[in-house]
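Enquirer: Positions annotated as heme c 1 binding site by TrEMBL: B:Cys121, B:Cys124, B:His125, B:Met263. What TrEMBL lists as heme c 2 binding site is B:Met173, B:Cys218, B:Cys221, B:His222. According to TrEMBL, the feature domain 'Cytochrome c' maps to B:108-198, B:205-286. As annotated by TrEMBL, transmembrane segment applies to B:32-54.
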Amino acid sequence: MNKPVQIKAQEPPVSLYAKREPVFNRRIDGKFRRIKWAIMALCLAVYWITPWLRWDRGPYAPDQAVLIDLAHRRFYMFGIEIWPHEFYFVAGLLIMAGIGLFLVTSAVGRAWCGYACPQTVWTDLFQHVDRLFDGDRNARFRLYKAPWTASKIARRLAKWSVYLAISFATGGAWIFYFADAPTLHQEFWSGTAAPVAYGTVLVLTLTTFVLGGFMREQVCIYMCPWPRIQTAMLDEKSLIVTYKDWRGEKRGSLKKAQKNPEEYGDCIDCNQCVAVCPTGIDIREGAQIGCITCALCIDACDRVMAETGRPRGLIDYATLEDAENEKAGNAPTRHMKLIWRPRTILYFCVWAAIGLGLLFTLGTRVHTGLTVAKDRNPPYILMSDGSVRNAYTLRLRNMQGRPRDMEIAIEGLPGAVMWTEDMAREAAARSLVRKVAADATQGVRVYVVAPAGSTDQSFDFSVQAVGEPGEADSSQAKFDTPGGE
Amino acid sequence: MADKRLDEATNTETVGHEWDGIEELNTPLPRWWLWTFYATIVFAIGYVIAYPALPGISQASEGMLGWSSRGQLDAEMSSAAATRAKAVAGLADLPIEQLPQHPQLMRAAVAGGAAAFKVNCVQCHGAGAAGSKGYPNLNDDDWLWGGDLKTIETTLIHGIRQPGDDATRISLMPNFGSDGLLDAGQINDVAGYVLSLSGKEKKSAATQRGAQIFADNCAVCHGDNAKGNRELGAPNLTDAIWLDGGSKAEVAAQIHHPHHGVMPAWGERLDPVTIKMLAAYVHSLGGGEEFAAPVAAEAPAADAAQETD
Ligand code: SF4
Ligand code: SF4
């Protein structure tokens, strides 16, 4: 820019902070609204019902189908049980979720934001509560402006209690994923649940109350990082909610358009698209960060188009490329064709590869494990007969829901035998059998003694579930001697 | 009035500032953001009032809640003590020989002993209990005074060569060299003989002479076969372990003017339960003797899922 900027001495003070403009969105019915109801119902149902599903794992493990057992560090998901050292499963799922978001975003834009994001689901629910208590858009606006009379206060308090009740029932239900749901439910109401349960319910109820009841679109616009990332994920081939300005402009009322059909476009400037928008934006200004692609404005405008006898789709899901295409007078491309393109296929392949990798690992994992830690201080002990002893702490892992006998053996290290603290030294042998409780680990300190003259070397400890070929693991260990360095 | 206008790309008002063609857009922060910031300030002030925070010359402000890190430490210490007391309840009344019959208690005792060892014993015996020259290695199977639970406990209570303790065990090897009982050549011969018993020295005329000197001067304590005598704390000279070094010079030095280690009598300083735990720990290091038949086949309680990797 070459134009010099003149700054006048007296600038009116501009506030750095903007007051929130509350959104009073109108009720709308239509195809996308119904899809949203269905998805909301599905999400809430899955969320509520999941912890109550049972799954029989035998007497040694909890029978809750999905359980995050923090105290015992186990994660149960139907037939799958994840141990802490298998956290890569969880990491893998999170990576899949991330790539899944990339995939969805590049294919169908911010579908997650518009339909499935908890913030959207709760905002939607709470906006419905608003309508139940205060009426639709105009009535709500009037009430908002009205002075704080006793009746307004009463109505507000009543509405906020319903907010709270919903927050409690939805946010609070999260605790059932962390403990046996029926037991916790009973304990919760009888006042005997753990303090952390009450604390969690309190925190989640309050955050739901504040974020869903009051912050709403502010969360989407200012607090959530995802829209910023998404703007980078979107390209001209992503499906987003678009106002077709070449068709709508110039805006004019029905009357004007009838008088002057050449000059005016299809938009009758009725503002219905703005009135229904849950984030209070005007989609006719173009794609913007505030738009969560909930498609309610499509429902609203389609209805107006039907009433004015014009084709639907003045506001519609479209890609920028397709919008240009249509503008040039060509036929629109089918959406399905748009979704599958190199970029989305690549995302899908990466996503699927990780998924298959996880499934493969899950299918081939062994339920028996062994880790070995060698005593470093002292590294070796010279025994009176000249033999050398090293000590190791073995950890046997029984990832099966029943107690199992496990045989530990020394492989290599000629002439060496081992014994443990709780057996007589004379009974030392090349292999020992230990019983490991169901779904538990057991530490065993073993002494390995090798004949005089042994040298520093590596050998293996192996573990094998008795009577279960294939259920085995091994771990390398080092044997130190006085002769070594 | 500055050059206010709408930015074309975003339809946002500009504030009129421009640097190298980059214009500043007027995008005000939401006001709740400001209030959240104020709330954090209020919280900080409340925090400073409630908790010790403001530094003073000798002491920080105390805070309204009366909380202190020292107080918290005390609370945690006493709760740890209570936990420990529960785990080792009954240890006080149990004769130590019977400890192996109570695997649960045994495990708790070994764990407690390991902690007490780190406080009281590592100075001489080392963190891994491997000792060093003159300080016995407690991991091996060579015991000067006996290595069963009961004897270890006795050693702990009364010490070795501890002045002032009537029940302490004392033994003194004569200063064969410095008191002129043997001459240097004799000492060299007997050292060679002693080393030959464990194969560290070849048999020769010198070791032959040493054998005779040994029979005359040393066998009374170390035994005719040199296998030692635990009554006297006389070491076994035929094994591979040498407390004061196994080279010929070191053995000769020990004969010339012996070094006598002192083990303090811990009975004066530690309570009987701690001593029992220490004995159990030392016994568990791998050389403990007379471990009554393998502990009942009772499956060791799964050390719970809690302590998984
Ligand atoms: S709802 Fe449709 S016709 Fe009405 S203002 Fe919005 S775009 Fe124009
Ligand atoms: S502009 Fe339309 S799609 Fe975007 S948030 Fe508003 S109503 Fe939903």
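Note that Cβ sites are derived from N, Cα and C of the backbone, with glycine treated the same way.
Note that the coordinates shown come from a computational prediction; the quantities given were computed from them, not determined experimentally.
I'd like these features described in context: how deep, what's nearby, how far apart.
Expert: B:Cys124 (heme c 1 binding site): 15 other CB atoms within 10 A of its CB, across all protein chains. Look at B:Cys124 (heme c 1 binding site): DSSP puts it in a helix.
In the shown protein chains, 17 other C-beta atoms lie within 10 A of the C-beta of B:Cys221 (heme c 2 binding site).
For the transmembrane segment (B:32-54), the list of distant contacts is 60-65, 67-68: same-chain residues at least six beyond its ends, Cβ to Cβ under 8 Å.
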Enquirer: In sequence order, which same-chain residues at least six apart have a C-beta under 8 angstroms from B:Met263 (heme c 1 binding site)?
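Expert: Listed in sequence order, they are B:Cys124, B:Thr155, B:Gly159, B:Ile160, B:Arg161, B:Gln162.
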Enquirer: Least buried of the binding-site residues B:Cys121, B:Met173, B:Cys218, going by other Cβ atoms within 10 Å?
Expert: B:Met173
Enquirer: What is the number of residues in the domain 'Cytochrome c' (B:108-198) that are helix, strand and coil, as DSSP sees it?
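Expert: With helix first, then strand, then coil, the domain 'Cytochrome c' (B:108-198) has 41 helix, 4 strand, 46 coil.
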Enquirer: Taking just the CA atoms, what is the gap between B:His125 (heme c 1 binding site) and B:Cys218 (heme c 2 binding site) in Å?
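Expert: A Cα-Cα distance of 28 Å.
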Enquirer: What is the biggest Cα to Cα gap, in Å, among B:Met173, B:Cys218, B:Cys221, B:His222, the residues listed as binding heme c 2?
Expert: 10
Enquirer: Near B:His125 (heme c 1 binding site), how many other Cβ atoms are within 10 Å of its Cβ?
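Expert: Excluding its own Cβ, the number within 10 Å is 21.
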Enquirer: Quick one: largest C-alpha distance among B:Cys121, B:Cys124, B:His125, B:Met263, binding heme c 1 per the record, in angstrom?
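Expert: That value is 10 Å for the farthest Cα pair.
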Enquirer: Write out the long-range same-chain contacts of B:His222 (heme c 2 binding site), meaning residues 6 or more apart in sequence whose Cβ is under 8 Å from its Cβ.
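Expert: In sequence order, the residues whose Cβ lies under 8 Å from that of B:His222 (heme c 2 binding site) (at least 6 apart) are B:Phe214, B:Gly228, B:Asn229, B:Ala234, B:Pro235, B:Leu237.
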Enquirer: Which of the three DSSP-derived classes (helix, strand, coil) applies to B:Met263 (heme c 1 binding site)?
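Expert: In the DSSP reduction, B:Met263 (heme c 1 binding site) maps to strand.
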Enquirer: B:Cys121 (heme c 1 binding site) to B:Cys218 (heme c 2 binding site): how many Å between their Cα atoms?
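Expert: Just about 32 Å between their Cα atoms.
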